[in-house]
Amino acid sequence: MPELPEVEVVRAGLERHVLGATIARVDVLHPRPVRRDLRGPAGFAAALTGRRIEAARRRGKYLWLPLDNGDALLGHLGMSGQLLVQPPDAPDERHLRVRLALEGADEGRELRFVDQRMFGGLSVSAGGADLPPEIAHIARDPLDPEFDDDDFVRRVRRRTSGVKRQLLDQNLISGVGNIYADEALWRARIHGERPGDRLTATRVRELLAHAREVMLAALGEGGTSFDALYVNVNGESGYFDRSLHAYGREGEACERCGTPIRRVAFMNRSSYFCPVCQPAPRRRRAASSRVRVPD
């Protein structure tokens with residue numbers, strides 16, 4: 001699934017190519033990607049036709065395009081979604097689901113939503129130009145200037161759950177997915193199962209700093225692409241996968257100590273870590289169940 005760096009690369013591309021464009025026509029080629037829009041495919045298309053795109057914004061893994069009437073086109077890429085800016089005469093992609101014909105952007109372009117697995121989707125958010133209410137509950141991401149480091153540290157240290165699980169909690173911190181959680185934990189030398197309440201404030205701040213570092217590095221390389229499913233708006237893949245230290249490197253030598261990287265199952269996915277640099281936490285001692293009998 002695309003994470004913060006990949007989604008930010010797409011947002012930046014949309015900002016370059018579609019700002020100021022008017023949506024002249026909307027073709028919904030499959031109803032599933034617009035299933036979250038209660039208007040249905042025809043109502044979705046009608047709500048967008050004639051509207052001008054004012055900006056391109058993101059919160060976590062969600063994208064939205066504010067429109068000139070105060071509404072917004074809200075999108076999530078899911079597992080395999082792509083937002084492509086194409087010339088009108090470009091051949092249709094195999095999994096093209098929604099097409100927006102644009103006027104006034106790069107001498108006429110199309111914004112295409114392509115999604116093989118169709119876990120992603122588009123919808124029109126009424127009054128959602130500033131922040132769609134559908135995603136208002138999602139926390140800010142670590143690259144957001146208004147992200148509250150102190151609050152994040154306090155909340156992590158109040159919880160007994162493993163720190164990787166917390167990094168993936170979009171209500172606590174958004175945009176961090178499996179890849180960058182593993183990479184940040186490797187850089188910080190912290191095991192993902194270490195409970196938050198067993199980390200010092202300094203260690204949590206170090207982990208947050210590493211999360212920012214790895215995401216900024218990924219942004220600089222266009223994101224991480226393991227296959228053709230993640231591309232930017234021009235159809236180009238990122239290459240940060242060449243710079244990964246832990247994720248996807250099971251059995252390969254840790255670049256710090258030489259120990260083989262280990263993979264374990266985690267929340268219907270996989271975690272990758274170095275068992276030496278990131279030692280597993282000791283189990284908590286069970287509370288005594290003995291009952292004292294009075295003399």
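Our numbering is plain: 1 for the first residue shown, then up by one each step along the chain.
Keep in mind that glycine also has a Cβ here, set from the backbone N, Cα and C atoms.
The secondary structure of PRO2 (active site, schiff-base intermediate with DNA), as reduced to three states from DSSP, is coil rather than helix or strand. Residues or ranges marked as active site, schiff-base intermediate with DNA in Swiss-Prot (evidence: sequence analysis): PRO2.
The Cβ of GLU3 (active site, proton donor) has 23 neighbouring Cβ atoms from other residues within 10 Å, across all protein chains displayed. Positions annotated as active site, proton donor by Swiss-Prot: GLU3 (among others).
Under the heading active site, proton donor, Swiss-Prot lists LYS61 (among others), citing sequence analysis as support.
Positions annotated as DNA binding site by Swiss-Prot, on the basis of sequence analysis: HIS95, ARG117, ARG159. In sequence order, GLY78, MET79, SER80 are the residues near ARG117 (DNA binding site), counting only same-chain partners six or more apart with C-beta under 8 A. Classification of ARG117 (DNA binding site) by DSSP places it in coil, neither helical nor stranded.
Residues or ranges marked as zinc finger by Swiss-Prot on the basis of sequence analysis: 245-279. This prediction places the mean pLDDT of the zinc finger (245-279) at 96.
If you draw a 10 Å sphere around the CB of ARG269 (active site, proton donor), it holds 12 other CB atoms from the protein chains shown. Summarising the annotation, Swiss-Prot assigns active site, proton donor to ARG269 (among others) and lists sequence analysis as the type of evidence.
Here the zinc finger (245-279) is broken down by DSSP into helix, strand and coil counts: 0 helix, 12 strand, 23 coil.
In the structure as shown, the Cβ atom of PRO2 (active site, schiff-base intermediate with DNA) sits within 10 Å of 29 other Cβ atoms. Between the recorded positions LYS61, HIS95, ARG159, LYS61 has the most other Cβ atoms inside 10 Å of its own Cβ, all protein chains included.
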